[in-house]
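Here is what Swiss-Prot says about this protein:
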BINDING   13, 14, 108, 143, 258, 282, 284  NADPH binding site
BINDING   108, 139, 141, 194, 247, 257, 258, 259  sn-glycerol 3-phosphate binding site
ACT_SITE  194  active site, proton acceptor
């Protein structure tokens, strides 16, 4: 692939890691953020200490606070901003974009209030005149591992397979590999909902439960993610792939996962506001729990784990009691998809 110009919007841990992958592939990478000190640090010291204490970035990665400069004459734009500000940033991009680009996002969440997936937000806010079909970049990927060039396999999903193939080539190298998929609904739903299950898995650990319980919540969590995804129009096979079970494993079993760590702290009795303050990073699973619970209620989809986490976070229920209550739920077949 010839050298591309790419704007990466969001200099968080994942945005920074993806910027480095793209830079390793010989592309011109422009990293955009709105914290002046952070942008100056990246440009001057080639570090992003808030997220990576011991990593030096390539000096060719340039950071910007001016969005217009960052997206000027680029071939593609990658959104890696928190879910809650995706629409705001998309509106800003729409007002500045003067040419057609390949539009990608690598965030995982559902918009509070509207319940919309992030690709839908981008479609609504940025005219088709100036973008490709949205490409979703998602899968089992800790930024802490990708940044040190550990082997990572994820998915590029788009309704337009050619756009997905473009992104596949854009990112893939000897340590980072993408597979294509056309099931955007499934890939985005899996990526968002696995954060809820990761909170639950972390809570089990914090409560002192063992591997049996953790395996149970991950497996049954996958079942309810699939149930809701299918109701939303997803292909059930997607949930057995990288963006489904793969992402669920990596997020639901690792201390690298901020959602798992948040659940662990909840299980140990810490208050949510203290957890969010101490972590200093967005915990997407918290807001996604509320959105997923509301969608499940509207569609009458059975999601007992999501409901238990919701009641613990938003209704003040005891996390241990909420989890144990699931053990007395009505008996069901393992393969019920409704």
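Including glycine, each Cβ sits where the backbone N, Cα and C put it.
Structure with Swiss-Prot features highlighted.
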residue: 13; record: NADPH binding site; Cβ within 10 Å: 21
residue: 139; record: sn-glycerol 3-phosphate binding site; Cβ within 10 Å: 27
residue: 141; record: sn-glycerol 3-phosphate binding site; Cβ within 10 Å: 25
residue: 143; record: NADPH binding site; Cβ within 10 Å: 20
residue: 194; record: sn-glycerol 3-phosphate binding site; Cβ within 10 Å: 34
residue: 247; record: sn-glycerol 3-phosphate binding site; Cβ within 10 Å: 28
residue: 257; record: sn-glycerol 3-phosphate binding site; Cβ within 10 Å: 23
residue: 258; record: NADPH binding site; Cβ within 10 Å: 23
residue: 259; record: sn-glycerol 3-phosphate binding site; Cβ within 10 Å: 26
residue: 284; record: NADPH binding site; Cβ within 10 Å: 25
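Summary of the NADPH site environment: with the site residues 13, 14, 108, 143, 258, 282, 284 set aside, the chain residues having Cβ atoms within 8 Å of the Cβ mean position are 12, 107, 281. In this structure, residue 108 (NADPH binding site) belongs to neither helix nor strand by DSSP; it is coil. Proximity note: of the listed binding-site residues (13, 14, 108, 143), none has a CA within 10 Å of the CA of residue 259 (sn-glycerol 3-phosphate binding site). Rounded to a whole value, the Cα-Cα separation of residue 108 (NADPH binding site) and residue 257 (sn-glycerol 3-phosphate binding site) is 13 Å. Here the candidates are the binding-site residues 194, 247, 257, and by Cα distance the one nearest residue 143 (NADPH binding site) turns out to be 257. For the binding site of NADPH, formed by 13, 14, 108, 143, 258, 282, 284 according to the record, the largest Cα to Cα distance is 15 Å, rounded to a whole number. Among the residues 108, 139, 141, 194, 247, 257, 258, 259 said to bind sn-glycerol 3-phosphate, no two Cα atoms are farther apart than 16 Å. Between the candidate binding-site residues, 14, 108, 282, the densest Cβ environment within 10 Å is the one around 108.
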